[in-house]
């Protein structure tokens, strides 16, 4: 359930409207399909490594072990900053959603409330985090299914206006919008804008990798989780892009107006909510908005968990102070958690400025970090693949065998490199230059190389040779754990029934 819903948040339900207005429904759908393919390449790489070596810290520690210690330092801090900054981004977005009901809700109270709740949930053992994410992710699944049903029923005439609009908006105003300029060039700009929106919306493999060290039956469940990602790409993200382009035209006056006013002052900036209001549907927008609240809260909750565990893995590898290794009796890295919880305080910035401006700035700042993570995953895989060949390890004997390797890794590396390189191209167009905007897009592209070179110079690290790469690492511990529990493994449906109390859990005495 965490795999299905843990990384779905604001972008798919609210800010996806920006991609629709800039690119049109055709560009939005094509952009989501193309980027899903890009990220599928990365997922194929990460799945093979993570199932083989499900260590705490995931790809962060793999980069340190199989590429270069300086590389692990760089990718670890990049991922931590990315996750930590997204926490206030989600809190600020939650404020927009809540204002759908009342415009006078105090932003400071929303920020403080989220911080307290994130603290309570994440201070308990991982099982409580998992339990909360089970229900919150379930709410996201319900929301997505609800929106798909709304799209289908209303497009065939099941709405108060009895208007069977079908794919009308694909014909008028058309599938492709003009952005920045006119004509074919304008439509191409629109497609790129939709592709960049997809790049910010679609995520996945990094979160499973961070959960690997605390998952039960890791090699069985991680394999299942990584395979689920492809289904999520197709059903949730691509399906969401298609539905968004069906229910509302890209030039809808309400949508354009609310997005042009600093990103919108309420959750009415969601294209789905606007479409419901256009059709005269009264109750459903409130239901959708309530589920959006849980979805956005869940995303922030996931970022708190991932950021604290990333900082913990950095400490384990000697890339952060040793005192950060201290954990509570429930296994929570307490000092890592405390440092992570300082970042949500950035959400209070929205009190003195527009919420929409804060969201845009934070989103752009973290976007390059996210894509850099995927680039690093491909690089780690190529080094790992090289080490397997040098040490005569047959990949077909691995717990998970990725397809079309290493060509898949090379394709993913090129695709993600081009994405991060051109992501902020608009700032270079005539009359569009803005120094602040430029650094919001490319800041981490400059910071990461500095981190890498700086740590390499200070610590005099060496690139790991293929024949010296440690492919044993934590395998004995993982193998012993897998062997000790292999006989009691349950299917996902049996586990769900037990978790929900529909089936009695067997105790150790029952097994004996």
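Even glycines carry a Cβ here, placed using N, Cα and C.
These figures come from a predicted structure and were not determined experimentally.
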Transmembrane segment per TrEMBL, picked from 266-284, 437-455, 456-474, is residues 437-455
Select from 28-55, 168-195 the stretch of residues annotated by TrEMBL as transmembrane segment. 28-55
Looking at the candidate ranges 371-388, 479-496, report the one that TrEMBL labels transmembrane segment. 371-388
Take a look at 134-158, 332-351, 437-455 and tell me which one has the most Cβ pairs under 8 Å to the transmembrane segment (286-306). 134-158
Count the CB pairs under 8 A between the transmembrane segment (229-250) and each of 28-55, 75-98, 400-425, 437-455, then give me the winner. 28-55
Beyond the flanks of the transmembrane segment (134-158) by 6 or more, those residues with Cβ under 8 Å of it: 1-2, 4-6, 8, 12-13, 164-167, 236, 239-240, 243, 246-247, 272, 275-276, 279, 284, 287-288, 291-292, 294-295, 297-298, 301, 499
Stretch winning on C-beta pairs under 8 A with the transmembrane segment (400-425) (pool: 28-55, 75-98, 332-351, 437-455) is 28-55
Is the transmembrane segment (332-351) packed against any residues at least 6 beyond its ends, judged by a Cβ distance under 8 Å, and which are they? 84-85, 87-88, 91-92, 95, 107-108, 111, 114-115, 118-119, 122-126, 300, 304, 307-309, 311-312, 315, 323-326, 358, 362
